[in-house]
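Undergrad: One structure, pasted below without further comment.
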Amino acid sequence: MIVEVELGFLLSTLFFTIISIILFYFFINNKNNLIDQCQEVTKLNNKDNKIVNNNNNNYNNNNFNKIEEINDDKNKEIIKLINNSNNKNLKIKIQEIDSGNNNNNNNNNNNNNNNNLNKNSNEIFRNFKIFSGSLLVIDQDLNIISSSESVRDIFSNINDINGVNQQVIGSLQNYSFINLVHQKDKDRVSTFLKLKFKNNNNIKHQQFSEDIINEKDELKEIQIEDNKELIIINNNNNNNNDNVLKFGNNNSNNSSIILFQGVYHLNNTDLSKPFNLQVSILPFISENYIVLSLKDLSPPPLRLLLNKTSSALSPRSLSSSSSSSPSSSNNNGNTNNSGSLSPRSSNSNGSAVSPRNVSSNSMSPRGQNSDRSISSPRGSSSSSSSSSNELAISPRNSNGTISSPRTSNLSIESVLNNKSIDMISHLSHELRTPIHSVIASIQLFRSTILTVTQNEYLSIIDTSANTLLELVSNVLDYKRIRSGKLTLNNVDFNLCHVIEDVCAMVSPQAQAKSLQIASFIFIHCPLSFYGDPIRLRQVLLNLIGNGLKYTNKGQVCISVEPEQVNEHCMYLHFQVKDSGIGIKEENMSKLFAGFSQVNNGGTTQEALGSGLGLAISKDLVELMGGKIWCSSNATQNNGEAGCTFHFVIPLETNPKQLPCPIQNFNGLSVLVVDKNPYIQTVLCQYLEGWNCQVIKSSDIKEASNKLKDLRREQIEVVMIDIDNIDFRDFIQFKDAFNRLEFGRIGLITMSSDRSMVNEMGFGTSKLTKPFRQSHLVACLLASMPEHSSSTTNCFSNIVGMNSNINNNNNINNNSNNNNNNMQTHNSNSVYGNGNYGNCTPFSNNNNRIHMMSSGDKPSINNRRMSISLGKIPTFNSGGSNSPRSKKLFEEVLQQQQLQQQLQQQLQQQQQLQQQQQQQQQQQQQQQQQLQQQQQQLNTIDDDSNNYCNTTGTMDSIDEINKNNYSDSESDELNDDQAPIIAPVQQLSFGRVTRRHSIDIIMFENSRELSELRNLEDSTRYLSPRSMNNNNGNNDNGINGGSGNSLFGSSIKEEIGGTSDTSSLAQSPNSLSPRAPTKIMILDDNPVSLKLMQRILESRGFECYPFDCSEKAVAQLDQVNPAIIFMDCEMPKMNGFECTQLIRKREQESLCLLKDRKIIIALTAHINPEIQVKCFDAGMNDFISKPFKPQCLELILRKWEDCISNNQLNYNNSLINNQTTIQEQV
């Protein structure tokens, strides 16, 4: 029942997450509709504004554009427009309208009328409705007299419109409105405007009936028939001056709106490029002047829409009184509504809306005065160009003049991109939080007992959640790259590991489609490069993922070759080649465009995705200073389809690093059987580069014939891919190989399915594809035949040699020895430049002469010796007389002597065991007393299951000795009789299922592999010295105290074994019990808080969850946690402020550095700026949601020393308490 409830909880959480994503896409795709809705007409209130129609009660507005109610701010704008006119007469006459009415009223009306008309001039326009747009006043010569500030949102030459340039040069000529009209429409617009002036002269104001006028003689608005304008009349105002702007009706049947094409658009880099404009004649009636309302009909760019939308909907808006009406969209920057849809606001003095104020630097992450560095994908073309501290976001500079359209366009683009990034980043944070809850719940759910159907449902939920997370991350990365806010790291990394980890990550996806994955890195690849491995991995994953989507049969291969090598830099050429459908030539231009997918005509589009992978890859490669392109074979008819993505990037190298090691197998003859020619080519390239003689075969029957026809000495190792072969043929080959060639030729079986390799139970070594270089080398070493000329036969020969070796005689003189008839073979040794020196194998080119007779028993297996040494050959040998060869012989002799010492120690241990049996009774009594004392004092419990005791070790050594020196052994060692020189296998080769074979482990992802590598570095292997002076009752760990490690018990589990402990925190200590580590969790999201608590408690930690930072700080001293997981986004006091408060308290209390709390940031943000902010606040580490439990364990493992320090303090306090109790007793 509980399982079903939890499953229902998961499904409901995923449902709400999917709904959020759908709403997010609906919001992005319908932003144009959102802007249009924001510009809807604001209807007049019938109580305040009464509309009268002579014919009917319907408000017919067919001849008008979208109109808006004039508020006080718009009244001020019109008054300012007219008063700021350069025409002195116009300005005077307008003032006469405001004050001259009083004079007329004094002569014709009583004092009551004076009180009604002696009002603020804004009342003239109170009930008046105008067209939304930018206002212009022109005279009869069509010259611009005055303009509103909102004209700046349309035209780039605002200085010419306002007459600024004319005043500078001393000219008195006004700027003609016709200059703003495109050449083909100038005559039509000019005729239209002049006709309007002519019609204004024939207007008669006495045409309205007295019945329409209200008794109060105030301003009223009247709507009359179609094709007639809106008018406002004042019965008491009879001023007939022609220079006065009056309100009246135009009796002309001509429309008052005209559409045409204009020039000098703000968003056009080409000033002569036309754009659509609409001009409406406002009902200001004058003989000499006309007021025009202009509206830009050109489609606004997407970035402008995103900016407007984010300004209206962002929770971080500058003002809570923001308006979404069209009146604020054309704001000139002088109003108090700072949160409007206008790209300018009053808080920035007319500059575009920005998350920073005017005094901050440029929106570029490098500041405004810095040069364009490698972090910009656009190069120097988008560099900041301003010497002042103002943002380069407005077409006006600090002097009020207009910059060039191209410069202003780039500046606006930068600001709008940054604003849209803030919006998407906020949405990304809100989406990643529920996704984290889904993924964490899945991990907890999988730890319970589930049915097959439930596991299937969980897999679907897990896949959907990860796809959702990938989509959100891609959208955010795309916007950050395009805005230039993404920076690259420059760290040391291993290129080979990065590429092989990528292949391992996409291997399950390829295996689901029965595709092959392979990678080839050039042989002389340096071990170390400097660059950003995370972004390089992202590019490779995108390209490989694209190849897997469009490939149904075949393979996807990666290759890396050097293109240009400099002293401190190397240009590497990456190729990702697939065998898919290919890309047509006409679709190449659309390939790297964002939010697009290419469809090759008749090919069915089965691959789905956001269309951002290739666009992000292109930007990242350009950000690294490289280039990317694609070549395709889709148009060829030779059967070779598919495409290849190329990109070249420079990577810095370390000139002080050692030369790259090169494996040398001394002409080892290898038969490669693989039906896939591409995978076979990759294998052959590696083998030939490692000095192997390669024989190719594409059919297993052909391989069997070659084994029969060729001499046995000419084929030493067979590599066979069992994925693409017939099962019957493989069974026949297996039977023939076991009957004829077993023990003489090594066999490596390869498969993409690990379970298939294990079920076969056939072969000397097993290799899982996609293979790694280190795994391939290990399999070759393990599969070499016992007496191959390519192996280090010197090891086996040393055992049977006489005293010539002990006397350090020259090996070349062995040709005169009757027992050793050998010749020196001066070829490349399989061992070179290792810690064990160079070794030269001795053999004859025609006859392989072995030193051991049929009755000799080899005490050392060559293959096991090569594995135990842990060194792979690198450079060529210097010959049999080289000091390294002699040193190698001495090392082997020391190994033999050490083994003899082990045998003597075994005999001594047997004697000690007999003595121990006589003392058992005394020891039992002592143990009973000790157990009673331990129970009383709550001392340490014995946990012998997690440690190897001496008796068990001696038994294993007895078994090894028995296998090594049994009289019933034959010349050729069987699988169960192979002697081992090292008691513990190397972790890098994984778990060995058969003593005569090596089983290569392919990890699921790179994180597990990196964790294992960290464990290998910190692990001390079992050595013979650790067995000295240990008896059967010793409870101390034989690994030299590694049991004190917090995560020591998980090493065995990481490499494929089982661990007795179920959690990291429950790892036993050899000296004291493990104290549960206290962890405090701060998160305002109850779902995330509960899941985090469940994950940590399941691993044995003691958790203290808090949903409020104030409560957590108040109980901090009482709880005294070792680790604090801090959510950055919390109400009241956020995570940054809480961390600063904790650090301040620690400083005031003079807390030592080792005693400070470990604070780990827990947030859904993935921006580098947030990480820097976390570290600046005093946090120790950073983990981004959603995360997997393995990632959490890795974070905790990094702070193992601090946790151990707290554990030591706990142990000391426990010992002190026990001492006090004992003294009291």
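Placed from the backbone N, Cα and C atoms, the Cβ positions cover glycine too.
In case it's useful when we look at the structure, here is the feature table from Swiss-Prot:
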type     : residues  : note
COMPBIAS : 313-356   : compositional bias 'Low complexity'
COMPBIAS : 370-388   : compositional bias 'Low complexity'
COMPBIAS : 1023-1037 : compositional bias 'Low complexity'
DOMAIN   : 426-653   : domain 'Histidine kinase'
DOMAIN   : 669-784   : domain 'Response regulatory 1'
DOMAIN   : 1078-1200 : domain 'Response regulatory 2'
MOD_RES  : His429    : phosphohistidine
MOD_RES  : Asp721    : 4-aspartylphosphate
MOD_RES  : Asp1127   : 4-aspartylphosphate
REGION   : 313-407   : region 'Disordered'
REGION   : 809-832   : region 'Disordered'
REGION   : 941-974   : region 'Disordered'
REGION   : 1021-1076 : region 'Disordered'
TRANSMEM : 8-28      : transmembrane segment
Undergrad: Applying a 10 Å Cβ distance cut-off over all chains shown, what neighbour count does Asp721 (4-aspartylphosphate) have?
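TA: Looking across every protein chain shown, the total is 23.
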Undergrad: For Asp721 (4-aspartylphosphate), just give me the three-state DSSP call.
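TA: Asp721 (4-aspartylphosphate) sits in a strand per DSSP.
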Undergrad: Hey, what's the Cβ neighbour count for Asp1127 (4-aspartylphosphate) at 10 Å?
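TA: Asp1127 (4-aspartylphosphate) is surrounded by 25 other Cβ atoms within 10 Å.
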Undergrad: Which value does the mean pLDDT take for the domain 'Response regulatory 2' (1078-1200) in this predicted structure?
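TA: On average, pLDDT over the domain 'Response regulatory 2' (1078-1200) sits at 83.
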Undergrad: Would you mind reading off the Cα separation of Asp721 (4-aspartylphosphate) from Asp1127 (4-aspartylphosphate), to the nearest angstrom?
TA: 50
Undergrad: Can you count helix, strand and coil residues in the domain 'Response regulatory 1' (669-784) using DSSP?
TA: 59 helix, 26 strand, 31 coil
Undergrad: Pull the DSSP breakdown for the domain 'Response regulatory 2' (1078-1200) and write it out as helix, strand, coil residue counts.
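TA: Summed over the domain 'Response regulatory 2' (1078-1200), the classes give 60 helix, 25 strand, 38 coil.
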